[in-house]
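Each remark here refers to the structure printed beneath this line.
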Amino acid sequence: MNWKIDWKEIKVRRNLDVEYDGGEDEVKIPWVCILVVLVFSAVFIAEMSHGVVHDKGTFLQVLGSIGPTNSTLERMGALNSSHPRLSMIFTSAFLHDRLSHLLFGFCYIFAAASLEMQSTSWRIGCIVLASGLTSSISSCLFLRKGIYTSGIGVAFGLFGAKLGDIIVNWSLQENKLALLGGWFILAVVDLLSFILPNMNLIGSAGGFITGLCFGLAILARPTLPHCCRKTKLQRYQRICSILSSITLLAFSLTGIVLIALGWHMPRH
């Protein structure tokens, strides 16, 4: 009988558990999600300090329409589809034009905190940045003249990443019914958010698709059979990762080039 201990396999298994499950005794804190909430809150307070506007009507109508003025948003770097600039792609990703948008976004961010707790922070950070940028790109390319923000695209990106995680790790999920039920509830909230005033639907869709692609590409959790020393992805996980990476890269590069060239769909 061979009593030799394979320390390499033990090390690989331990690293895998720490990266995806956070270890047995370690309680992970979703630092990226917390940081996003703090940054968005600070930026929105700065927006509101320069002036507040709201519509007239019932209490809910007034509450849903509270936000900064368009001139304030433009000074702080919101998207101006009439004169788009590459710098707006980055600055607009931190802005919200309504308090209701910010609060709905927090719901998605808190719901996505579980992703960071079972994965790694750098993955969630990539999803946050990419979702905000592609939300801005989509708004620049497809929206008519006006002032737009794309901070809500970050929240929708995390929502899409949650779906991508469910799809790409379907065979590893223990309670599939509970996962689908939780995602369905988020989807209902998602649809309700579309009735909010001044909702950037194009930017939200761009953020959601980006989050979905990133979820398929970088949230795949490998399996480690007992007969194998190396971690490996299943075939369908590799296919999802490759296709989603190609799609995301092609859309991002094409969008940046078109914006640099001054292309705008409503004008064409």
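Sequential numbering from 1, following the chain as shown.
Just so you know, glycine gets a Cβ as well, placed from its N, Cα and C.
Taken from TrEMBL, the feature domain 'Peptidase S54 rhomboid' covers 86-219.
The list of residues near the transmembrane segment (29-46) in space but at least 6 beyond its ends in sequence, with Cβ under 8 angstroms from a Cβ of it, reads 68, 76, 94-96, 99, 102, 105-106, 109-110, 112-113, 116-117, 121, 124-125, 128, 151, 154, 158. According to TrEMBL, the transmembrane segment annotation covers 29-46 (among others).
Look at TrEMBL and you will find 99-115 (among others) tagged as transmembrane segment. Long-range contacts of the transmembrane segment (99-115) within the same chain, counting only residues at least 6 positions beyond its ends with a Cβ under 8 Å from a Cβ of the stretch, are 30, 33, 36-37, 40-41, 44, 63-67, 124, 149, 151-152, 154-156, 158-159, 161-162, 165, 182, 186, 189-190, 193, 196-199, 219.
TrEMBL lists 121-143 (among others) with the feature transmembrane segment.
Per TrEMBL, the feature transmembrane segment maps to 177-195 (among others).
Here TrEMBL flags 201-220 (among others) as transmembrane segment.
The annotation transmembrane segment is assigned in TrEMBL to 241-263 (among others). Listed as Cβ neighbours of the transmembrane segment (241-263) (distance under 8 Å, sequence separation of 6 or more from its ends, same chain) are residues 84, 86, 89, 130, 133-134, 137-138, 140-141, 164, 168, 209-210, 212-214, 216-218, 220, 233.
Residues of the same chain lying 6 or more positions beyond the ends of the transmembrane segment (121-143) and with a Cβ under 8 Å from any Cβ of it are 30-33, 36, 79, 81, 84, 88-90, 92-94, 112, 115, 150-154, 156-158, 160-161, 200, 202-211, 214-215, 218-219, 248, 251-252, 255-256, 258-259, 263-266. Remote same-chain residues near the transmembrane segment (201-220) are listed as 115, 119, 123, 126-127, 130-132, 134-139, 142-143, 148-150, 152-165, 167-169, 193-194, 233, 237-238, 240-241, 243-245, 247-248, 251 (criterion: CB distance under 8 Å, separation of at least six residues from the stretch ends).
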